[in-house]
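A.B. asks: Take a look at the following structure, please.
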Amino acid sequence: MRRKFQFFLLALMFMVTQLPISAGAQVTDQYVLHASAARVEVGDRVSIAVKGEALTDLYAAEMQIMYDEQLLEYTGYTSFLDNQAYVHEPKVQGNTIRLVFTLTGNKPGITGDKDLFTFTFRTKKVGTASVSLNALMPIDSALNKTNGSIGSGTTIAVVNSNSGSPGSGSGSQPSGNPSSPSHSGTSVLHFDASPDARGAISIQAGANDLLDAGKHSTDETVTVRIKSGAEVKKIQLNLPAKQVQQLSSDSGKIKTLSVESDLAAVTISRDMLDNRTLSETSNLQLLIEKVDKQPLYDVNLLLDGSPITSFAPKSIQVNIPYALGLNEKPYQVVIHTITEDGKVKIVRNGQFDASTGTVQFQPDQLGRYKVSHAQVDFRDMTGYDWANEAVFGLAAREVINGRSEGYFIPGGDVTRAEFVKMLMGLIDAEDSSATATFTDVLLDDWSYRSIASAQKLGLVQGKDDGSFGSKDEISREDMAVFMYRALNARKSGTAHSTLTPAKFLDQDQVSSYARDAVAAVQQAGLIEGVSEGYFDPKGKLTRAQAAAVIYRFYQALR
């Protein structure tokens, strides 16, 4: 089989040397380009997405992307086909990127609308940069060459970082050289700033400017946008805390304050200052600092000089830039927090966003963060393409482990204790004060803390004999019950208040206690059948299936 696949790939790569220079005469599928931004500054990154529209049977293809190499520097690509296809590493020659991919196994080709790849570039100098898909040869699942329609290319305006024209307003310049803010009747405050000799800038947002921006908001957000160039190492933004609080209290209009900068982006929820005593001179200070050349950042929020150390979940979102390296998988990009005593802890809700080139996460505390690509290698995932992203993504976040060095055992069974351990690890909900009352869960058990925490949260219940059944293999319907309770807990009890029965052919075999759960988690997109139309409620959950369900839950929480 491997020889056959290699032969097919070589044959495809040979055929694509005959590529046409334009689209075929008969229009069947459409292939289009989309830029992440129409206007960017010199030194910024811009992404170009290749999307297939109304695809009928795309099994393999070769494509050539042509770009303006005088204005753009190619930095890498992201594939949206990782779980389905083999992608040959793109080859760059001059101003052309050549990429070949093929699906694997006996399966139909891609149909409908589908994001295929994203190519990332760094802008080099001022001008209008063009990117086009200048050649394409698609192959269907019968290995026949097909025709497709190539959409028009895209252009990006590259401008100098100081091309903006600041307007009137109130700004201060304790360090660096910030301009006065400009918003001109919008909900965005713009600051252009030049860092001082230490690479630092400090900006004061005026109270009147902030309130005026709030009045013009149409999306419940006020944005502070700081442009400072690549030399900046530290940003200090001072905000009048009383007016920030007022923004969120005026008829409930403003829900978030978004700060965008060349170092990082931070979104602060309206409830951050709830129940805090403020004076007319109270100052809310956001500090963002790039510690070294590695992706290592300090992010802190202070109120009147004192760090804000406690806040409600999801009150803050941080976006840190990260350039995806060649052969790096977006789902294996992770974020770690580094405590004052040097301990490293993974932030499990972190996720790489290919469209923005950033890692976004919602911390439970502020401090120092490091972005990295986690190397994970399991040698027994062949035949489990559908679970690859889930298994490797969760392993990168230390939610799951292999059964032995280099082996995940995807077809292995999962005990009830193992599943609870995975689930509680993902949501970071282990509580050191929790106690378990189940007869078979002992204090020195490896799963005690997870089961005790899950019991405290109401996610698990025991059996009639008082035991939990820690070592019992978990059934698919019991998995659904656990996920249903977890979904309701994380969604504040509002998930799927109106349910329709699950659409499985063996729905009548689902135990009465699990029917609502199966229906809810199916409607939430967390579970699928084991075969066409069948759920197999009494069947045993495999490790690959467990990873897939928990990973979908992780994605749903985003």
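Yeah, the Cβs are placed from backbone N, Cα and C, and that goes for glycine too.
What TrEMBL records for 160-187 is compositional bias 'Low complexity'. If you look up TrEMBL, you'll see 374-433, 434-497, 501-558 marked as domain 'SLH'. Under the heading region 'Disordered', TrEMBL lists 157-191. TrEMBL lists 1-25 with the feature signal peptide.
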A.B. asks: Across the domain 'SLH' (434-497), what is the average pLDDT of the model, as a whole number?
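C.D. replies: On average, pLDDT over the domain 'SLH' (434-497) sits at 89.
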A.B. asks: In the domain 'SLH' (434-497), how many residues does DSSP put in helix, strand and coil?
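C.D. replies: Helix/strand/coil tally for the domain 'SLH' (434-497): 24 helix, 2 strand, 38 coil.
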A.B. asks: Using DSSP, what is the helix/strand/coil residue split across the domain 'SLH' (501-558)?
C.D. replies: 30 helix, 4 strand, 24 coil
A.B. asks: So how many of the residues in the domain 'SLH' (374-433) end up helix, strand or coil by DSSP?
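C.D. replies: Helix/strand/coil tally for the domain 'SLH' (374-433): 23 helix, 4 strand, 33 coil.
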